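Single-structure report; data block below.
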């Protein structure tokens, strides 16, 4: 007789326990065991625990174990419950240990098949049972995970009408769901209790805004409140604020931005000239052409306004980045003056306010929503549709898809839907939002998603005090080394890449549904070499973790104090100099209720969940083999060392840059 020892592990998440009867069948290359009842002396399989060791006895050895069949049945008069097993560990009569990763909810009475955890590509499968299991899994997945089109011209998304339509394996945990709803209710309730969120009144003075702002504050939001009027802080934000993706070096002025030497001479230090500074690489450009000609929103039956500015920034000899010229519309003309630091206080301040409001629209829709959330969803759906659990790519990427499908479903329902907060209260809500996203999709490129190439393309290699660049490049390198090790372990040469049809199905799905089959994006349609796979997978992990953190986590820091980043504006861009006053500025700001709605939303979207999982932490053990497990340990060690470096640097900065600190970067787009 051959005796197999079985231990069942239940994951340590809320409500993971089952009180149902659990049954197992072991399937090997030489046969299968009888379906065996795993009798729990404690009456159930409890959250965060390993069961006692069960014996499964067979007449003879089953040979190499291929899979297990697992099911659970309710006790008489008891309901079917939900169980979240993490893994099953089997010790064979030959004293080999086999692990079967599960990490999903089992909520029914059906028989579920789980493969032994050694990563295998399709070409590695020699057993007919293994191939059958693989085919059955992928058939089920393509039925569960279907592509949908939210709006024409948008990347594909997961087909589901509400969170309960999503497969249970990708839904929020009980903890996440409960805390998310509580956080949303708390932010809005605090503001409603003070009578702000429904108010249609204008602000009487800047001090009045502080009464709303005092509800939720951070170190950086306090700094923004104190320094929002200053040119140095304005420039700093385009390197290290919530949108560090627009700024680029300018070697030649755009034809539609006719800045003259005389205009900027007072802003240039010493005897320098604009031409000399352009040639020296000290002039930078912000161009909001993506917003040009868009129809602005109506809020509370009142027309709103947004600009499509052009901004010149100057790197001073003492390494500050200062704005020196602002044009608020794309087409030059007499009614489109170029504002300068030498203008009156409120002419210059109001011009900067229009720029900061334009940045809110560009950041939220292009940089944040499209380039992290929507792309992360594309990567996740393509993975779940095309790559089986036993494949090394699934094991590598599945932690970086956690909660993404549900958070995006909620975003579509509560932020950008017809009655969503963004649609109702942002200047670009409604028609403008759709147009911005379509334009952004049309300009999306592979190289712009890869930090080293993007930094070079924008000419930012040597700009001082650019912590997004410094930390982003370092984090990219750490992720790249990790991915290179794991992919290199499973793909020994380029021919193995070319032979992996599942891998090609994945990238083809991404090209067609994520990038709308546009070759001009540079997104590969297939892979030919190992380095190509490494680069693309690095980009996926970086986008879902570091990049999302960089453009998400600072939303309240820089937008909580409304005057620094207005969600909307109630007056048109000024067309004449010398007429702006404090009263003009206050009338231009969004009304009280719009301000409160924007602040509470940014507070919600910036708040970390208690079941947050930091980059490089893998509580779900998908890899069994020792080499990739050691690579994970090395990855974690490098991330920890980098985190210490970031903290040491930040201790000497007036405004710390924390958004790429691995300790606060989440593994996935989960908020």
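Placement of Cβ uses the backbone N, Cα and C atoms for every residue, glycine included.
Any TrEMBL annotation is an automated prediction that lacks curation.
Residues annotated as domain 'PLAT' in TrEMBL: 2-120.
Taken from TrEMBL, the feature Ca(2+) binding site applies to 81, 82.
The site 'Essential for stabilizing binding to COTL1' annotation in TrEMBL covers 105. Taking a C-beta cut-off of under 8 Å and a sequence gap of six or more, residue 105 (site 'Essential for stabilizing binding to COTL1') has these contacts in its own chain: 82, 83, 84, 168, 169.
Per TrEMBL, the feature domain 'Lipoxygenase' maps to 120-671.
The Fe cation binding site annotation in TrEMBL covers 368, 373, 548, 671. Cβ neighbours within 10 Å of residue 373 (Fe cation binding site), excluding its own Cβ and spanning all shown chains: 25.
Of all Cβ atoms in the shown protein chains, 15 besides its own fall within 10 Å of the Cβ of residue 81 (Ca(2+) binding site).
For residue 81 (Ca(2+) binding site) paired with residue 671 (Fe cation binding site), the C-alpha to C-alpha distance reads 28 Å. Summarised as a single figure, the pLDDT of the domain 'PLAT' (2-120) averages 93. Apart from 368, 373, 548, 671, the Fe cation site neighbourhood in this chain, defined by C-beta within 8 angstroms of the site C-beta centre, holds 369, 372, 376, 407, 551, 552, 605, 669. Around the Cβ of residue 671 (Fe cation binding site), the same chain contributes 407, 552, 605, 606, 607, 608, 609, each under 8 angstroms and 6 or more positions distant in sequence. Cβ packing within 10 Å was compared across the binding-site residues 368, 548, and the lowest neighbour count falls to 368.
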